[in-house]
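Notes follow once the structure below has been shown.
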Amino acid sequence: MSTWANLGLQDSASPLMEQLIFFHDHALLILVMITVLVGYLMFMLFFNSYVNRFLLHGQLIEMIWTILPAIILLFIAMPSLRLLYLLDEINEPSITLKSIGHQWYWSYEYSDFNNIEFDSYMIPTNELSNDGFRLLDVDNRIVLPMNSQIRILVTAADVIHSWTVPALGVKVDGTPGRLNQTNFFINRPGLFYGQCSEICGANHSFMPIVIESVPVNYFIKWISNSVNS
């Protein structure tokens, strides 16, 4: 869930999200250092009355302010590229989940099992239980095993949607006629909430996503009950 006053990122539930948070903190530290340096130089220029009447050019300072930003950009670009490749890497999945975006709900199919598919609608506010979350709870949750490599295939039936779960560091566009995929690894049990992150019409904000992460033995029981029912 979001933190107080929407400050900061959600607690990570996957190794990829942990890496994203580390990169965010790394880049933010560099930006703070740049801001402090530029602010200090501006302050000194405003309150320094000394001038050099004979200064026509300064090759040394020009080299410094050309090379230094390039080095700083390298310190940002290298971790960013590393993380970009990590996010695109597809490992051998244990389970494949297919998600289809509609106006304005999600459909899910467990491709590795027969006849396990369902639609997931937002629960209206007047039907919520006392411990429910407004605009975030759904009637049918996605149930996935923790500590397993999961592949998700995302597409759409009408307009462009985007399947997004911040705690997992996952955001995949669902485009009609196209199949996009990514993978993630949930490292703890719990409920993880997401929403459609692409404007898709009047009820765009009413397309929540809820993942219930459970131990593998509970997931197997859930699959067995779903197949038998």
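Positions of Cβ are set from backbone N, Cα and C atoms, glycine also.
Taken verbatim from Swiss-Prot:
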- His161, Cys196, Cys200, Met207: Cu cation A1 binding site (BINDING)
- Cys196, Glu198, Cys200, His204: Cu cation A2 binding site (BINDING)
- Glu198: Mg(2+) binding site (BINDING)
- 1-26: topological domain 'Mitochondrial intermembrane' (TOPO_DOM)
- 49-62: topological domain 'Mitochondrial matrix' (TOPO_DOM)
- 83-229: topological domain 'Mitochondrial intermembrane' (TOPO_DOM)
- 27-48: transmembrane segment (TRANSMEM)
- 63-82: transmembrane segment (TRANSMEM)
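Overlay of Swiss-Prot annotations on the structure.
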residue: His161; record: Cu cation A1 binding site; Cβ neighbours (10 Å): 30
residue: Cys196; record: Cu cation A1 binding site; Cβ neighbours (10 Å): 26
residue: Glu198; record: Cu cation A2 binding site; Cβ neighbours (10 Å): 18
residue: Cys200; record: Cu cation A1 binding site; Cβ neighbours (10 Å): 21
residue: His204; record: Cu cation A2 binding site; Cβ neighbours (10 Å): 17
residue: Met207; record: Cu cation A1 binding site; Cβ neighbours (10 Å): 27
- Residue list, the transmembrane segment (27-48) vs rest of chain: Cβ under 8 Å, 6 or more residues beyond ends. 72, 75-76, 80
- Sequence-remote partners of the transmembrane segment (63-82) [C-beta within less than 8 Å, at least six residues beyond its ends]: 23, 26-27, 30, 34
- Give the sequence-ordered set of same-chain residues, not counting Cys196, Glu198, Cys200, His204, with Cβ within 8 Å of the centre of the Cβ atoms defining the Cu cation A2 site. Gly101, Trp104, Val159, Ile160, His161, Ser162, Ser197, Ile199, Gly201, Met207
- Cα distance (Å, whole number) from Glu198 (Cu cation A2 binding site) to Met207 (Cu cation A1 binding site): 10
- Inside 8 A of the center formed by the CB atoms of His161, Cys196, Cys200, Met207, which other residues of the chain have their CB, for the recorded Cu cation A1 site? Gly101, Gln103, Trp104, Trp106, Ser162, Gly174, Gln195, Ser197, Glu198, Gly201, His204
- Query: For the topological domain 'Mitochondrial intermembrane' (1-26), what are the DSSP-based totals of helix, strand and coil residues?
  - Reply: 15 helix, 0 strand, 11 coil
- Note on the structure: Mapped onto three states, the DSSP assignment of Cys196 (Cu cation A1 binding site) reads strand
- Query: Excluding the flanking five residues on each side, which residues at least 6 beyond the ends of the topological domain 'Mitochondrial intermembrane' (1-26) place their CB within less than 8 Å of a CB in that stretch?
  - Reply: 76, 79-80, 83, 86-87, 133, 166-170, 184-188, 190, 192-193, 213
- Taking only the Cα atoms, work out how far His204 (Cu cation A2 binding site) lies from His161 (Cu cation A1 binding site), in Å, as a whole number. 9
- What is the three-state DSSP composition of the topological domain 'Mitochondrial matrix' (49-62), stated as helix, strand and coil residue counts? 4 helix, 0 strand, 10 coil
